[in-house]
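Residues or ranges marked as Mn(2+) 2 binding site in Swiss-Prot (evidence: sequence analysis): 14, 64, 444, 445. Annotated active site, phosphoserine intermediate per Swiss-Prot: 64, in sequence order. According to Swiss-Prot, the substrate binding site annotation covers 125, 155, 156, 187, 193, 263, 264, 265, 266, 336, on the basis of sequence analysis. The Mn(2+) 1 binding site feature in Swiss-Prot is assigned to 403, 407, 463; the stated evidence is sequence analysis.
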């Protein structure tokens with residue numbers, strides 16, 4: 001007869017952060033007798049779910065994708081922005097073999113180094129500090145012809161904010177005594193992602209032919225002329241920057257071209273125009289054979305050099321379970337199904353051996369404040385059945401309510417969402433205890449605990465950078481450890497299951513069996 005398994009259950013209450021202040025706090029305002037009792041009577045602690053502790057920039061709010069990757073990985077997983085910040089700070093960036101190789105090859109052949117990217121402090125698609133580091137790398141390695149092609153932002157930054165960035169780079173080139181800003185164009189053209197190839201073509205011609213609708217002696221003059229035409233940063237038309245007597249910066253075969261955007265979606269189209277031999281988005285007036293480097297991998301089918309290939313995560317929680325012949329279930333509503341599967345598995349789409357998945361449809365409503373309980377009753381019913389089935393060694397479940405209803409900014413609805421969750425937690429905890437299992441309750445980031453922005457008085461619809469609760473329910477006598485973070489959860493689960501923790505997991509168990 002099959003032995004009935006006593007599952008280790010992880011319940012992730014999405015957007016359920018911890019905030020001492022009671023004002024505009026849907027979690028405090030809700031009637032939550034179950035969570036209150038668990039917090040009062042069970043081992044518990046607070047853990048970090050934002051900023052550096054989850055691989056984001058300092059104090060940046062967490063999000064569901066990052067949260068679940070860290071939860072499943074058992075180690076801090078650095079996002080591209082932070083990974084680059086760290087590498088530049090410790091100077092590993094300046095020794096990156098792909099970047100140095102491209103620069104050295106161009107320099108030794110007397111060719112130019114072209115650097116292009118979104119010149120922005122927004123930190124969403126790129127960061128100007130990374131572009132500055134690339135300029136320094138090229139100069140340090142002796143490149144004489146360094147051309148910067150600046151894509152202007154105005155979406156992740158204020159609509160007219162590019163001047164200070166352009167000034168900074170013009171001053172840098174003056175100090176270096178070589179290199180210059182060679183072109184400016186709005187991201188509307190250079191960073192399209194909807195196959196509007198007529199836009200991309202304007203950027204491509206500007207880069208390859210050094211031909212644009214306008215020309216200016218300096219980047220700042222070119223920008224000011226665009227503003228006079230009533231073009232904000234995002235929509236600045238193709239402008240060649242070239243003073244009298246300066247050589248033109250048209251791209252030639254053998255030149256190096258470094259694309260400094262780290263986010264893929266808006267980098268793919270213009271990259272394909274340079275890299276794909278069979279490109280058919282538009283008829284290219286000039287096909288150049290440049291040494292093209294993508295800062296990160298924009299798509300697996302774009303065959304060109306990558307300075308920072310995706311870091312593959314070995315021995316995530318899901319993979320480790322499979323290697324140890326354990327059974328696991330992932331269960332959530334539509335809104336967070338990808339998070340407990342793809343993201344929790346470190347970006348792996350396929351399920352592991354012994355991994356089942358249950359998807360509960362989220363309600364078809366315009367906004368979730370209209371149905372704050374969402375599909376939590378059905379989700380709980382299926383989860384309780386799975387706990388009692390004896391089939392699973394571990395179960396990962398996400399309740400989306402705190403986040404999805406928190407995003408609406410409607411306080412009354414968020415309170416109802418939290419109250420619905422309290423009933424669900426009660427059912428789940430009872431089921432786990434009835435089969436002798438163990439339960440961890442936590443969150444991936446905050447949201448519902450802050451429903452109004454104190455500075456503006458407007459509804460606060462974003463995530464927070466506040467800590468999240470972690471509660472243990474089970475028959476083990478455990479002591480909580482302070483100072484934890486999301487990447488400590490997987491090691492905590494393994495330790496409570498009496499399993500070895502793989503060496504790749506650098507997180508630490510947060511409940512120590514006494």
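Cβ atoms are placed via backbone N, Cα and C, with glycine included.
Structure coloured by features recorded in Swiss-Prot.
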residue : record                 : contacts (Cβ under 8 Å, 6+ apart)
14      : Mn(2+) 2 binding site  : 64, 336, 339, 398, 399, 400, 401, 402, 403, 404, 443, 444, 445, 447
125     : substrate binding site : 118, 156, 187, 191, 261, 262, 263, 266, 267
193     : substrate binding site : 265, 266, 268, 269
264     : substrate binding site : 296, 297, 298, 299
407     : Mn(2+) 1 binding site  : 15, 368, 447, 461, 462
463     : Mn(2+) 1 binding site  : 15, 50, 61, 62, 63, 403, 445, 446, 447
Is residue 403 (Mn(2+) 1 binding site) helix, strand or coil when read with DSSP?
-> helix
Residues within 8 Å of the 403, 407, 463 Cβ centre (excluding the Mn(2+) 1 site residues themselves) = 14, 15, 64, 402, 404, 406, 445, 447, 448, 461, 462
How many neighbouring Cβ atoms, not counting its own, are there within 10 Å of the Cβ of residue 403 (Mn(2+) 1 binding site)?
-> 31
DSSP three-state assignment for residue 264 (substrate binding site) = coil
Within 10 A of the CB of residue 266 (substrate binding site), the number of other CB atoms across every chain shown is 20
